[in-house]
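Heads up: the structure comes next, in structure tokens.
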Amino acid sequence: MAGSAGDSDLRQRKTVEEDNAKTVTTTDEGRKSDKLLDEHHGYEFGGPWGVTAMMIGFPILMYYLWICLWFYDGKLVTPSSVDDIIPFLQRMWTHVREDASPNAYAWKVYSGLIIYQLFLAWVMPGYQQEGLPVPSLGYKTLMYNCNALWSIYATMLTAAALHYYHIFRLTEIINNYGHLMSVAMIYGFTVSFGVYFLTVATGNQIRMSGNFIYDVFMGACLNPRIGPVDLKMWAEVRIPWVIVFFLAVSGGCHQYEQYGYVTPNMAFMILATWLYLNACGKGEECIPQTWDMYHEKWGFMVIFWNFAGVPFTYVYSVVYMASHHPDKYRFSTPTYVFLFTVLLTAYYIWDTSMSQKSRFKMQTQGITTFRKTFPQLPGGTLKNPKFIQTAHGNRLLISGWWKYSRKPNYVADWVMSFCWGVIIGRATAIPYFYSVFFITVLIHRCGRDFERCSVKYGKDWERYCEVVKYKFIPGVY
């Protein structure tokens, strides 16, 4: 009996190994559902009026929160009376006009970053990664030159040299936060509308609603490229997270020049932003396997967020620390130990869960040799992972972190975002904007993803949801 059971286990293990070795092909049924998903079926985000409100309202909110942090001690200021509404708006406008004008310094620095990152993306050697089959391209796969890691460290070395030789002082970045933010917004709007008009003019638009402003917001093109550079992936990695990191470094330089030391709080943010930036570079080959690359269009929603939204709303804690004395956000040593531990634990789960999912998708394409970049964390690659084979042809992962939650990476990502606010304690509520906004985005995005998966996989998705019961936190939700 023992031998029989052992033989059964061996046969089962061999079957799993053989199934994992097979590459995935889309079935005729899968092609029908993919075609359905590549058509416009309804408005999201409240339709044209909703996206218009976001395109106008979000830049205004960004200015308001920055003004409150920098000039009003982190307090959410409001008009003192009805009679004060006009004077209040005039005061706000004065701050924008005087302290956030798109001045020459901001244009040089921001444009210099854009040009330098494009140059590095074009010339740096990189790891060649095949993307997922794109239905709108007849299931053709695109190749991606993953050279972000080399580009990121080339940028760091360049910045360090410029700072050391007093050619470009990193301290000045945080001091010109408002000016740089305005230029970033201008870039976000210009690129969004420019890409839309160019895509329509060349006849490469896809999944259009027919409403101009809505289509600008959602995007018209799927795979925008300049030479070897995939602009969607380039903008997702090279712009927002490079700026976020250097804003934190600038805050550290500012503290060191002012106080002669860098606070543990600022060091926390430098580490946190470096972890995220480095992860984007070292795991860049995983990005082509994501929904963002093979389905999400490149419109205002993504472009503005990458050029301006992420870099200038995610590090409000750095802005506060750079403009306030450390006594306002000083913690005990055990508290610092706890916060660093939570950050690193969340990072580990986020990093390995993303790696598990992306490498599983690569395995379904017959890719079994993976890139080795620092740091390679244990558990990032699953051996003989379990999955649900769908009638579509794709496989749904139910191993590793993904057997506990449908979005384990989102949970860990949000915990990190919350830590970015907690690091200044109760000094001001504004740095918590990132985590509050982020959880709203994640919940909405999950709804979009799950709805599309339901259409794409049908009963197989229902079976998957029975196996992986929780959307986010196991045992809770």
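Residue numbering: from 1, along the chain as shown.
Any Cβ shown, glycine's included, is placed from N, Cα and C.
What TrEMBL says about this one:
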COMPBIAS  8-21  compositional bias 'Basic and acidic residues'
REGION    1-31  region 'Disordered'
TRANSMEM  49-72  transmembrane segment
TRANSMEM  105-127  transmembrane segment
TRANSMEM  147-165  transmembrane segment
TRANSMEM  177-198  transmembrane segment
TRANSMEM  233-252  transmembrane segment
TRANSMEM  259-277  transmembrane segment
TRANSMEM  297-319  transmembrane segment
TRANSMEM  331-350  transmembrane segment
TRANSMEM  414-443  transmembrane segment
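Nonlocal intrachain contacts for the transmembrane segment (297-319), taken as residues 6+ away from its ends with a CB within less than 8 angstroms of a stretch CB, comprise 45, 51, 55, 58-59, 62, 65-66, 69-70, 174, 177, 180-181, 184-185, 187-189, 191-192, 195-196, 206-207, 215-222, 224, 231-232, 235-236, 239-241, 243-244, 247-248, 250-251, 265-266, 269, 273, 417, 420-421, 423-424, 430-431, 433-434, 437. Note on the transmembrane segment (105-127): residues 145-148, 150-151, 154-155, 158, 168, 172-173, 176, 179-180, 182-184, 187, 226-229, 234, 238-239, 242-243, 284-285, 371 of its chain, located 6 or more positions outside it, place their CB under 8 angstroms from a CB of the stretch. Relative to the transmembrane segment (233-252), the listed stretch 259-277 leads the set 177-198, 259-277, 331-350, 414-443 in CB pairs under 8 A.
Long-range contacts of the transmembrane segment (259-277) within its own chain (CB-CB distance under 8 A, at least 6 residues past either end) are made by residues 152, 241-242, 244-245, 247-249, 251-252, 315, 317-318, 321, 326, 329-331, 336, 339-340, 343, 347, 416, 419-420, 423-424. Contact between the transmembrane segment (414-443) and the transmembrane segment (49-72) is present: at least three CB pairs lie under 8 Å, with pairs separated by 6 or more positions in sequence. Nonlocal intrachain contacts for the transmembrane segment (177-198), taken as residues 6+ away from its ends with a CB within less than 8 angstroms of a stretch CB, comprise 59, 62-63, 66, 70, 95-96, 99-103, 105-107, 109-111, 114, 215-216, 219-221, 224, 243, 247, 298-300, 303-309, 311-312, 319.
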